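As recorded in TrEMBL:
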TRANSMEM  9-31  transmembrane segment
TRANSMEM  51-73  transmembrane segment
TRANSMEM  85-108  transmembrane segment
TRANSMEM  120-141  transmembrane segment
TRANSMEM  153-172  transmembrane segment
TRANSMEM  184-207  transmembrane segment
TRANSMEM  219-242  transmembrane segment
TRANSMEM  248-275  transmembrane segment
TRANSMEM  287-311  transmembrane segment
TRANSMEM  331-352  transmembrane segment
TRANSMEM  364-390  transmembrane segment
TRANSMEM  410-432  transmembrane segment
Amino acid sequence: MRYKSQSVAYWYFAVAMVLFGLQIVFGLLSATKYLGPDPLLYLLPFDVTKVIHTNLLIVWVLTGFMGATYWMVPDESRTELHSVKLAYIQLGLWVTMGVTAVVGYLFRYGTGNKLLEQPLPHKLVIVVVMLIFLYNIGMTIKKSGRFTTTEGVLLLGVGGAAVLFFPALFEYKNYVVSIFYRWWTIHLWVEGVWEMIQGGFLAYLLIRLSGADREVMEKWLYVIVGLVFIAGILGTAHHYYWIGVPGYWLPIGGIFSALEPVALVGMAIYAYSAIRRSGMAHPNTLALHWTVGSAVYTLFGAGLLGLAHTWPAVNKWTHGTLITAMHGHAAFYGAYAMIVLAMISYALPAMAPGRREQGTTLGYWSFWLQITGMFGMTLSFATAGIGQVYLERILGLGYLDAQLKIQVHFLMLIVTGALFAVGVALFIIDFFRYAPKFELTRDVEPVGGAVGQPGA
Ligand code: HEM
Ligand code: HEM
Ligand SMILES: [Fe+2]
């Protein structure tokens, strides 16, 4: 740890770990309900467990983003954070918002708008938290006078995420209008600004883990981010096919969203070639597994499995089925869960003495169990989804009849989900088993990280 204030990141990561664990509990609970009978039907029905599962996901991933940003910005700008106190106030507000939202869902207190179910008071707290966060980071960079491209991309992503939350603050009477704007937040988050956040962390990690030259890495980061934008913005229309808007959205959505994987191919090549060409400049190979793993898994989950159902002629059969869940899991996990786990794996040895810099055995077990488990879950959702589409949409079977016929895939989902859950449990145990101790190190910047920036 080079700066004392970086220690706030630890507490953000700790909260993220707890919420990640809870998310998985509610995921497994949701999965068992496919098999029925459901003893919790009147207490915790599927809709409630699923809302809690997906909301915990968003909250823990964002907590991870915030912690990782508070870790990375002092390193990049070579300064202490503007205000540690504000960072803790932000965390307190954020956790209170998250916990009360989840408790509220248990009592059906929510807006019912998928992934944006938070009631208005909670949404306003989210806005306040975002403003505190941006202010604190902005002031830190301003005071230091050193602003790197890597943190610029990250900041654009974080700022963009805050701005794109605004459409979610309003209530729309018309259902079509409501869905139309819902995607300005959800799609433009996961296929736009969050990818910039991922790109910023990816560049930071690759520069520090490999011997890659900062200037080269940052030049390619621009290209990748540019590609995301060109395709991602109009790609929003792949959610407009069947919602009641004019037909011209069909070709627009098909063509532009089909271009989105190009940026993801670029990102995977970027990560792979950085390591291949420049080798390792840092002992933390576990963090490297998560880093390169994130880029590759994103290509698989978002690029390949997104592309698989993005064309209108395919999507008219698969829309809203388990095929969507197949892609949603692999994409979200690869892009956002894995990059947060990469940042945690990189930062942790500096905050918990005694932990091996190369990564612990438990850490590697966790990596491989999660990767294998998530791959199995993706296949389970895929096979279930193909069966569902065929039975329900082509043969015309009723929804519940079709669900009964694909139960074997749900069994497979639970088995592979359990494997994944063991991997997550190991990560959490590995996180908490070394007590934190925040000592400053005097290590010098790695070679790749030492190249000065314009304005530095
Ligand atoms: C990291 C990037 C991505 C993440 C995290 C992600 C995640 C998700 C999630 C969670 C959903 C379900 C949303 C909902 O119904 O509320 C979804 C839907 C969808 N995604 Fe992605 N996605 C990503 C990238 C992509 C890409 C690159 C493509 C296309 C090439 C794509 C194509 C689609 C399509 C077509 C749907 C709609 C499915 C339907 O009609 O039911 N996604 N995505
Ligand atoms: C043991 C692990 C997990 C299990 C058993 C599980 C199970 C489930 C189930 C049953 C659903 C409801 C699907 C439906 O609507 O029919 C769901 C939704 C979802 N889960 Fe998970 N999940 C797990 C872990 C994860 C992880 C790690 C992530 C992301 C990093 C994730 C992201 C999502 C998303 C984005 C949705 C909404 C998808 C959609 O609406 O199509 N889940 N999950
Ligand atoms: Fe999308």
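Count begins at 1; order follows the chain as displayed.
Yeah, the Cβs are placed from backbone N, Cα and C, and that goes for glycine too.
Note that the structure is a prediction, hence the values are computed from the model and not measured.
The stretch from 85-108, 120-141, 153-172, 184-207, 219-242 with the most CB pairs below 8 A to the transmembrane segment (248-275) is 219-242. Spatially, the transmembrane segment (9-31) is adjacent to the transmembrane segment (85-108); three or more Cβ-Cβ distances between them are under 8 Å for residues at least 6 apart in sequence. Contact between the transmembrane segment (287-311) and the transmembrane segment (51-73) is absent: fewer than three CB pairs lie under 8 Å, with pairs separated by 6 or more positions in sequence. Long-range contacts of the transmembrane segment (219-242) within the same chain: residues 149-150, 153, 156, 179-180, 183-184, 187-188, 191-192, 195-196, 199-200, 203, 249-250, 252-254, 256-257, 259-260, 262-263, 266-267, 270, 310, 312, 315-316, 319, each at least 6 residues beyond the stretch ends and with a Cβ under 8 Å from a Cβ of the stretch.
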